[in-house]
């Protein structure tokens with residue numbers, strides 16, 4: 001019999017893919033856990049062990065995204081992020097170095113094997129119901145109503161002139177259009193519209209670049225990490241916001257270390273000054289431009305430039321350069337309010353902390369909640385009120401969330417997982433309550449621990 005990590009044996013060091021036709025080495029979880037370093041990453045997919053150390057930089061979703069699953073069973077993440085599994089498995093073949101020992105469980109640690117099995121059955125049921133197939137008419141109408149709002153805003157200024165009333169009305173319409181662009185490019189980024197990933201990516205570059213002035217690659221870089229590890233510090237960019245705001249476990253950590261860069265016990269108040277008004281206008285604009293320049297995303301930069309050129313050419317004849325800039329700022333501030341409240345109502349009040357190595361379904365449910373649906377809320381939020389379903393199945397077209405929701409509820413009830421649904425206004429208020437609670441925890445730890 002071979003030793004551990006050898007054909008027929010257990011763990012031992014190995015570099016490079018398994019020789020063609022040779023028996024696969026077998027590994028145990030205790031060995032796999034050792035390979036979660038920046039230059040040494042293994043992961044497990046469908047009980048097979050892959051060494052992604054060198055290939056991670058070539059991963060289309062980015063090295064950080066795939067690296068977040070280092071030394072873990074990434075089977076469900078693999079299925080969640082990819083449409084054409086037959087195609088992407090071709091990239092895995094050269095990375096294969098072995099498989100789990102027969103006596104090793106498919107899941108790592110104390111994860112619930114039955115829960116994982118039932119979730120995979122749930123996904124299969126959704127596939128059998130064709131819930132991953134998009135209604136292209138639905139998305140064509142979404143794009144059409146975005147373009148119609150862009151045209152309507154311009155016609156208001158063209159016909160009524162650049163007065164206060166017409167300018168405010170145009171800014172509101174443009175802000176709604178920009179908000180709906182966020183939703184549509186989000187759908188495209190998850191490859192949930194077209195059957196070919198390439199078509200989704202090209203369409204996303206148009207919507208994100210020409211209609212919004214941002215980089216599609218920048219968005220995907222941030223957003224896919226959020227989906228992989230929601231509400232996990234240093235893995236989810238959306239909650240790695242210290243030292244400006246303290247969320248979850250960071251409140252106690254900062255308090256114990258006597259860190260007081262800002263009056264965090266008042267963060268629920270200064271949130272209104274620097275959160276909703278400035279996120280897209282300042283934070284996103286700067287971060288987005290830096291990403292395009294540092295990562296040399298020149299195509300995205302050209303798309304973004306086309307947005308600014310169109311916007312200023314469209315409105316400068318009425319407002320001049322300064323007035324057009326003020327209109328742009330007004331639109332960004334308005335859409336920023338939408339973005340912060342709508343995207344954070346499902347996450348900020350939930351559990352936020354360090355990596356706990358949960359299974360896919362449990363990790364998503366711990367970090368998300370839903371908001372009660374209605375035709376208006378579904379449209380206004382881009383169906384992000386179905387955040388649980390979206391996080392469990394990122395590539396599912398959003399018009400099918402209502403259909404899969406009963407199956408998800410039954411799954412949660414069976415396994416004692418909290419399927420939380422809130423009224424819309426309650427979800428918004430809970431953001432402030434969560435910030436206040438975190439600030440109070442920080443103050444108590446700062447003063448008494």
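Even glycines carry a Cβ here, placed using N, Cα and C.
Listed in Swiss-Prot:
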TOPO_DOM  1-134  topological domain 'Cytoplasmic'
REGION    1-21  region 'Disordered'
DOMAIN    24-101  domain 'Cytochrome b5 heme-binding'
TRANSMEM  135-155  transmembrane segment
TOPO_DOM  156-163  topological domain 'Lumenal'
TRANSMEM  164-184  transmembrane segment
TOPO_DOM  185-268  topological domain 'Cytoplasmic'
MOTIF     223-227  motif 'Histidine box-2'
TRANSMEM  269-289  transmembrane segment
TOPO_DOM  290-310  topological domain 'Lumenal'
TRANSMEM  311-331  transmembrane segment
TOPO_DOM  332-449  topological domain 'Cytoplasmic'
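Sequence-distant contacts of the topological domain 'Lumenal' (290-310) (same chain, six or more residues past either end, CB-CB distance under 8 Å): 205-206, 208-218, 221. Residues 154, 157-158, 161-162, 167, 170-171, 174-175, 178, 213, 281 of the same chain lie 6+ residues outside the transmembrane segment (311-331) yet bring a C-beta within less than 8 angstroms of a C-beta in it. Secondary structure counts, DSSP: the domain 'Cytochrome b5 heme-binding' (24-101) has 31 helix, 21 strand, 26 coil.
Beyond its flanks by at least six residues, the topological domain 'Lumenal' (156-163) meets 169-170, 173, 315, 318-319, 323 of its own chain at Cβ-Cβ distances under 8 Å.
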